[in-house]
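Asks: Please see the structure below; I have some questions.
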Amino acid sequence: MSAAYRRAPRRAMTAFWNSVAMLVAIVLGFPIYWMLLTTVKSNKDLISQHPTFWPSHFDFSSFSSAMDDNFGANLWNTVVITLGSVFISLAVGLLAALAVARFDFRGRKPFIVAILVVQMVPLLTILVGLLPLLNSTNLYGSVLGVILAYLVFTIPFIIWTLRTYIVGIPVELDEAAMVDGCTKAQAFRRVVLPLLAPGLVSTGVFAWIQAWNEFVMAREILAPAQNKTAMVWLTFFSDTPTHGSDYSGQMAGALIIAAPVIILFTVFQSRLSTGLTAGAVKG
């Protein structure tokens, strides 16, 4: 039996799986293509009984239609909320992960279990108890209230992921740095922190995506506020009599909102997958 004959089944199997992968890519990519197509189509083409997969002419007025309706203020709210929740959760999560990984204190194991339990609690259950608390502290309807609410689901994940990273870093590195004259804080900053960079990037990107795309909490907490988040703005834009049938405007708004997440994930894709995988298996 020749070598070419033996390789034939392997080539056929490779071709089959390549075809399956191409089919999956087309199925997953078509909604994105349709969204892009809708943004440059006129409403006449959109409501036509004979849909086309290429516009008769390109119409970019949908972007101006979306951004004219108080879009900037709502998008700015989203940026502030996302940045605030990411930086606070990274700062708190890093210190808490360091304490859990390096220090043996009373209640350490129950604290670790509590981190897992919090991540299992449904979001709506947390929201039911959170709204009265925010209302009693005059944070209901404020951007700060949304930021603090987002910390409920970003901090536990960051603590759990960074803890496994820190456990995988030998304590001897800290001790060697301290022998060379570093304090504990300097050893952490110069030795441990650089080694945590992949974990910080991956968890930071995760927190960013979660905060940017979140809808339920933002809608409920910012209900009395005039300016909301971009995700909530999109639903109000679709419900208004003026824009209710402006499908191209709705898709243009959705595309603008999704663009930062797509760019962020594309730039940090390798670090995100590697960081989360490594953080999940270390320790």
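Positions of Cβ are set from backbone N, Cα and C atoms, glycine also.
Where the annotation comes from TrEMBL, it is an automatic prediction and has not been curated.
Residues or ranges marked as domain 'ABC transmembrane type-1' in TrEMBL: 75-268. Taken from TrEMBL, the feature transmembrane segment covers 12-36, 75-99, 111-133, 139-160, 191-209, 247-268.
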Asks: Where else in the chain does the transmembrane segment (12-36) make close Cβ contacts, counting only residues six or more beyond its ends and a cut-off under 8 Å?
Replies: 251, 254-255
Asks: What stretch in 139-160, 191-209, 247-268 has the biggest tally of Cβ pairs under 8 Å against the transmembrane segment (75-99)?
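Replies: Answer is 139-160, with the largest number of Cβ pairs below 8 Å.
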